[in-house]
Amino acid sequence: MSSSNYDGILLGMGNPLLDISAVVDEDFLTKYDVKLNNAILAEEKHLPMYDEMSSKFNVEYIAGGATQNSIKVAQWMLQIPGATSYMGSIGKDKYGEAMKKDATAAGVNVHYYEDESAPTGTCGVCVVGGERSLIANLSAANCYKVEHLKKPENWALVEKAKFYYIAGFFLTVSPESIQLVSEHAAANNKVFTMNLSAPFICEFFKDAQEKFLPYMDFVFGNETEARTFSKVHGWETEDVEQIAVKISQLPKATGTYKRTTVITQGADPVVVAEDGKVTKYPVIPLSKEKLVDTNGAGDAFVGGFMSQLVKGKSIEECVKAGCYASNVVIQRSGCTYPEKPDFN
């Protein structure tokens, strides 16, 4: 395909957040009741955390948000300007401006909804021993309105795209928007993908997640989320391979594509379930001293995967690209990457 055929081929929608990232200590985790390898929404007790991080630790500010990370990585892997688009809600402030600048420089066609009343959302990223925990203060990201999606210049992005990716986190913000996009994908034989995203999504947003499962052609997640999904659905199994197969066999809204479940397991092999069968793909080994932090590892995996999926590559190629991208990202702080990918 010529590069013009890739114009806007992949669209993401989600919660754009500015990552406030720092290596913290165990005492800090205990003080704010934060568990590693988890992702939660900030409660009242977490709000002082962001300032304390800035005053106590060496803080980095990195444009983030799960879906935006994945779209940026896909864009980086594709190296075709404008191949990807992204929508979400930011505030009218310096963080929002920084986000816009960052995403645009990355080559993503961003159409943000700018909210007048709330500041741009932030995500506290607490890193200990290379493992991360995410505490998201959605703020403006929580204000996305379906009216923005319906505007002709924004709906045009939906029409142009052939692949869609929405992290499960967006279920808490605008299910109406997800509904419009998923139904459009189903009606037009396009590929709709989502992520389990976090244990709390599987637990507390189960109904919303179930509503859109029939539309999902690909379901991404990690082993913790898969096990939570299983528990919530009363499947009584902790076996990630079994769970992946069961998710892939849940009913589908359209018969055009079979559902594929893709579950990452940190340093353990990636589990892919389709047609009732499981294939396992080893990840690229990385020595502990090269691991900087796992923030963005799962997002980068999805970005790499999607970059090959839109090119019509095999699942094996998609997984390889996902493993490559996440291997790059975990050797750097946050979801960042060098100027050019070295993937072939």
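Count begins at 1; order follows the chain as displayed.
Just so you know, glycine gets a Cβ as well, placed from its N, Cα and C.
According to TrEMBL, the protein has these features:
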ACT_SITE  ASP299  active site, proton acceptor
DOMAIN    29-338  domain 'Carbohydrate kinase PfkB'
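For the domain 'Carbohydrate kinase PfkB' (29-338), the model's pLDDT averages out at 96. Annotation for the residue listed as 'active site, proton acceptor': spatial neighbours ALA66, THR67, ASN69, SER70, VAL73, ALA167, VAL329, CYS335, criterion Cβ-Cβ under 8 Å with sequence separation of six or more.
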